[in-house]
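Novice: One structure, as structure tokens, below. Some questions next.
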Amino acid sequence: MRPERPRPRGSAPGPMETPPWDPARNDSLPPTLTPAVPPYVKLGLTVVYTVFYALLFVFIYVQLWLVLRYRHKRLSYQSVFLFLCLFWASLRTVLFSFYFKDFVAANSLSPFVFWLLYCFPVCLQFFTLTLMNLYFTQVIFKAKSKYSPELLKYRLPLYLASLFISLVFLLVNLTCAVLVKTGNWERKVIVSVRVAINDTLFVLCAVSLSICLYKISKMSLANIYLESKGSSVCQVTAIGVTVILLYTSRACYNLFILSFSQNKSVHSFDYDWYNVSDQADLKNQLGDAGYVLFGVVLFVWELLPTTLVVYFFRVRNPTKDLTNPGMVPSHGFSPRSYFFDNPRRYDSDDDLAWNIAPQGLQGGFAPDYYDWGQQTNSFLAQAGTLQDSTLDPDKPSLG
């Protein structure tokens, strides 16, 4: 039997041979194609993401129902925070529910629906960050209003400034999304402008919030006020610092990638931070690896800080402290007078130091009904009268 001579290197392959893959040819395919993520992993992650957001949605919905159940003030910092977080959780739940049925259709929605599901939740998170700045700034104002009542006149400008910043953030996102979808503008330029403006506002709000937390930690009256709300400086500082670090790290990452996007050695995620809608539109489909990173980033940079905010503004039973045997009877408040409960709120006599209710104190927090000075002075006056009557039987009693 004659040995088969080797085929020349340039000859055509035989009928049973697989042609070698030539990466220079567009019509050639690699020998094997495997998905970046197995389908069952992607389905499992979709289930986990959807369940987490759905549970948060149910929890916030229960909190809003408790606001009505306990007859708290309906329009308050607490209710607005919870409503924003409820809207955010609902949008994220709907977004991930799309991936159960059609992975491609979730990235090819109509322009408005696409912006609503992908970009608008970040706007809602910025609104919550702005509202946290407004909340803690008012804590400082109310703590200082006893000695500096003129600070209360700055509340209206503070409201207007917060509203203006929120509107700027919303309009920038909406305008850039419309230009990307309908205009002939350079998408990279639009994305860069939006990222630069949005992340700068995020960083500025985070810096402002850190300054507020620092001032609160140095003010004893602010500590008393937070104790009356069922919170404490340590709790406020821990939650605030965590939220600041998460939002700031997200913004700094995006600004870093934006600044060094021309550097080929710098590798970013499979998409531009919260401009996921633009990046997915350019690719027409979010890849498997990009989908995993998308869920992880949303979990760390969105779900975690939102959960902390919801925990801080959760609704508690206002009647729980009324049965506390250590509470002074004359300090009894209406069940509608607060939405933070703290069994230790009157353990210290230092709480009586804030015995003058500043003007306008009832209008800022939910629901505020603090006549600390009147109730304290009334209690002390009655106690003094009873003591005098006991020591001097001939002295007529005023009661």
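Here the Cβ of each residue, glycine as well, is placed from N, Cα and C on the backbone.
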Novice: Would you say Swiss-Prot puts ARG69 and PRO318 in the same topological domain with respect to the membrane?
Specialist: yes
Novice: Under a criterion of three or more Cβ pairs within a distance under 8 Å and sequence separation of at least 6, are the transmembrane segment (47-67) and the transmembrane segment (238-258) in contact?
Specialist: no
Novice: Sequence-remote contacts (6 or more beyond its ends) of the transmembrane segment (189-209), Cβ cut-off under 8 Å?
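Specialist: Contacts of the transmembrane segment (189-209) (Cβ under 8 Å, skipping residues fewer than 6 from its ends): 122, 126, 129-130, 132-133, 136, 165, 168-169, 172-173, 176, 179-180, 240, 243-244, 247-248, 250-252, 254-255, 258, 272-275, 278.
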Novice: Between the stretches 112-132, 160-180, 238-258, which wins on the count of C-beta pairs under 8 angstroms to the transmembrane segment (80-100)?
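Specialist: Counting Cβ pairs under 8 Å, the winner is 112-132.
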